[in-house]
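Below is one structure, written out as structure tokens, with a few remarks after it.
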There are 4 protein chains.
Amino acid sequence: MIKVTLLEHTPNPERVVAMAARLCYSPSGAEELKEKMSDEQIEKLVKKLAEMGHASTFEHVSFTFGIEGISRVLTHQLVRHRLASYSQQSQRYVAAHDFEYIVPPSIAEKPEAKAKFEELMKTIREAYDEFTELGVPKEDARYVLANATETKIVVTMNARSLMHFFNLRCCNRAQWEIRALAYKMLAEVKKVAPLLFKNAGASCVQTGACPEGNMTCGKFNEMIRMREE
Amino acid sequence: MIKVTLLEHTPNPERVVAMAARLCYSPSGAEELKEKMSDEQIEKLVKKLAEMGHASTFEHVSFTFGIEGISRVLTHQLVRHRLASYSQQSQRYVAAHDFEYIVPPSIAEKPEAKAKFEELMKTIREAYDEFTELGVPKEDARYVLANATETKIVVTMNARSLMHFFNLRCCNRAQWEIRALAYKMLAEVKKVAPLLFKNAGASCVQTGACPEGNMTCGKFNEMIRMREE
Amino acid sequence: MIKVTLLEHTPNPERVVAMAARLCYSPSGAEELKEKMSDEQIEKLVKKLAEMGHASTFEHVSFTFGIEGISRVLTHQLVRHRLASYSQQSQRYVAAHDFEYIVPPSIAEKPEAKAKFEELMKTIREAYDEFTELGVPKEDARYVLANATETKIVVTMNARSLMHFFNLRCCNRAQWEIRALAYKMLAEVKKVAPLLFKNAGASCVQTGACPEGNMTCGKFNEMIRMREE
Amino acid sequence: MIKVTLLEHTPNPERVVAMAARLCYSPSGAEELKEKMSDEQIEKLVKKLAEMGHASTFEHVSFTFGIEGISRVLTHQLVRHRLASYSQQSQRYVAAHDFEYIVPPSIAEKPEAKAKFEELMKTIREAYDEFTELGVPKEDARYVLANATETKIVVTMNARSLMHFFNLRCCNRAQWEIRALAYKMLAEVKKVAPLLFKNAGASCVQTGACPEGNMTCGKFNEMIRMREE
């Protein structure tokens, strides 16, 4: 079960974004703008920026998440997002004797497959224990651990990088586990910056266009059809 | 006169850094660590991380500055730091009729040079005004503005990127204006994260080594001499 | 007059991109794929990648340009593209006694404005010379130099970063000088990687959508109208 | 067995680096410098840059490697280097029925452990096959694959990023598999840019200082002792 906690974030994120955007076109300085802009002005400006996707000002606010209950299948994909910061639980230093693991739904729903999966995890745990008893260091015993093994990670992304992450990973074509994570992260940031992330989500949701060509899930075409009816 | 305001920053920066560092070597999750770590544990761990320069966890905390009273000589250097986010007052959109300007100390201290400088700025202002009266758009009239012209900028950097910025720009060999800015920014972050930035500064101050080779300012050698006496 | 030279680039750029893309979906290794893929296979795959904008494989090929005859108005914008590498002629170390300068077309076409502009450049040159004669160091004398002053720069970008650069800077709403540079750079890379950069250009050209909202130049609507007729 | 192939790289890497470095301090343009600099001038300048670690000009040259015979333990570490580009064989799309695997030396040298390891890999292969026969998609069957499973990847880094990679990963404290990869990559780039990578390697080798504090391997102290004798 994926657990996502928004540990910290830049305070007043929408005020910061609006102030930075306004500064570019104003003779006034940042501090003055930050104090003087009314809530209405901020709302109007952030909405406009979010709609237009003028994203560079979104970089001024960042969000730090604690994430647990995910597999290393997920984190190997996650850390490919390079405009982000990560601190991950190390299999080199943290013993994995009774590791938890993630069962894919397509396996969990088939009793035969599920039993096989759990038996295999038990076998791996036993092998891991035997290796460490034989004097194999943790950093090498982990070579037998499965992709399914649970891991924990701290992730920091700014709002621009998050928007891009949601574009790719809330998409129906994204792998199911990282998609589930993306939706949980999106729910968290919407609580603290609802205007900023109002249109955030898969590319089709945010930009009105699907970049997946003939591999599209069809959701986009459905959206267009619904709009036209 | 450079004015630096720390507009916002990740709350509890040292707790966040310590939590992220601890997570890598612990079976516990981030939220639990963040709550349970004592102030003493945090102090000890952040000190150790800062001394060793193990910097990846410093990325989880970021700092947003409003900066005014600087020249475009400075900002053209500043924006070369690529692991940072910027929103700058635009000469394309903001009229510069009565622009302020920065006078280098080597000019300010020579009456003849100072008079010449101020006269030239007056001439440029007049030319700028004439161009706009002739129908030249602001984005082209600005081609005559001097490097000295005052600008305003919002800058966000995480602590790792800031440390590197201080390494290069607090150095005696850095250009005087950006060095003055760096020291002001350092003073601001020391107020809110004193342990984290305790050793921050020029490379020689932070790492005990000067990377400038035979172009060293000598400060480092002096530091070594003083230590040996 | 902007001068752009493609100094070096990754050899066989389209073969490299195709090989990297194929590797993701193939049991074979990179060397084998690179040797075995036919020109037809490469052409077909690169076309598909370029159309879909699946851009991560474009990062494996990079392009190094020598650029001259541009102003510091341009380079202050250029270096804001952070996924790129720059080495720029330094006003701190290179004397600017007889600096060249860029005249904006809106000024060049008005005789009165042009004369004014040239006179002002002459005045600035004289002031620069006087300052250095008075013992002001080059790094401070440059504070009087105009934005129009000519500079030289070496720029390296990978193909993904270039595509994004063209999206923003070939746009009719981009500032005229950097737009002229972008088109010259695009012409250079098209010579050596015509398939890869076939669809490259302003966002509307590459993606069929204008991100400028109600500030659109209208080119996109015109394109749609033409397609429908 | 790790296999590293240098697939492509920026031609004339040392000439490019020297030209970019010279441009900063010269009134001449890039193309002129590139043509006129003699081999002796390039050798001298690159040596100096490499010794001083003045690294920004190293970014203008990049290197693309095909890598095989490595585990996903290694690649999960490798892709944490964010200033680089990756295309990796996908376990989501490429079937892993007869996957190869990497055996850690500490296991290979113990007959009992080695037998256990190989038996477990056989069990995992069988489970993977059974899952796919039960209709579990490849992207979910892979959850049982071990960290030891062989993977293939294409990696592009510029010389500056490579230097940093070698600093961290040629270090005796780096994990053995990624250290072995780092040394093979270093050997490859030394063939084509011997001056540039002359001092490349672990931090202690390149900079003369160990950043590992009291976790140092001692190699550095040994180096100092040897120098003093």
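Cβ atoms here come from the backbone N, Cα and C positions, even for glycine.
In TrEMBL this protein carries:
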- A:Ser56, A:Arg80, A:His81, A:Arg82, A:Gln88, A:Asn158, A:Ala159, A:Arg160, A:His164: FAD binding site (BINDING)
- A:Gln77, A:Leu78, A:Val79, A:Arg80, A:Gln88, A:Gln89, A:Ser90, A:Gln91, A:Arg92, A:Arg142, A:Arg169: dUMP binding site (BINDING)
- A:Arg169: active site, involved in ionization of N3 of dUMP, leading to its activation (ACT_SITE)
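Features as recorded by TrEMBL, highlighted on the structure.
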residue  : record            : contacts (Cβ under 8 Å, 6+ apart)
A:Ser56  : FAD binding site  : A:Arg160
A:Gln77  : dUMP binding site : A:Gln175, A:Ile178
A:Val79  : dUMP binding site : A:Tyr86, A:Gln88
A:His81  : FAD binding site  : A:Met157, A:Ser161, A:His164, A:Phe165
A:Ser90  : dUMP binding site : none
A:Arg92  : dUMP binding site : A:Lys138, A:Glu139, A:Arg142
A:Ala159 : FAD binding site  : A:Pro13, A:Val17, A:Phe58, A:Glu59, A:Val61, A:Ser62, A:Phe63, A:Val189, A:Ala193, A:Leu196, A:Phe197
A:Arg169 : dUMP binding site : A:Ile178, A:Arg179, A:Leu181, A:Ala182
A:Arg92 (dUMP binding site) in three-state DSSP notation: coil
Longest CA-CA distance among A:Ser56, A:Arg80, A:His81, A:Arg82, A:Gln88, A:Asn158, A:Ala159, A:Arg160, A:His164, per record bound to FAD, angstrom: 28
Where A:Val79 (dUMP binding site) sits in the secondary structure, as DSSP reduces it to three classes: coil
Listed binding-site residues (A:Ser56, A:Val79, A:Ser90, A:Arg92, A:Ala159, A:His164) that sit near chain D [CB under 8 A]: A:Val79, A:Arg92
A:Gln77, A:His81, A:Arg92, A:Ala159, A:Arg169: the binding-site residues whose Cβ falls under 8 Å from a chain B Cβ: none
For A:His164 (FAD binding site), the number of other Cβ atoms found within 10 Å of its own Cβ: 19
Other CB atoms, at most 10 A from the CB of A:Gln88 (FAD binding site): 20
Structural state of A:Ser56 (FAD binding site), classified by DSSP into three states: helix
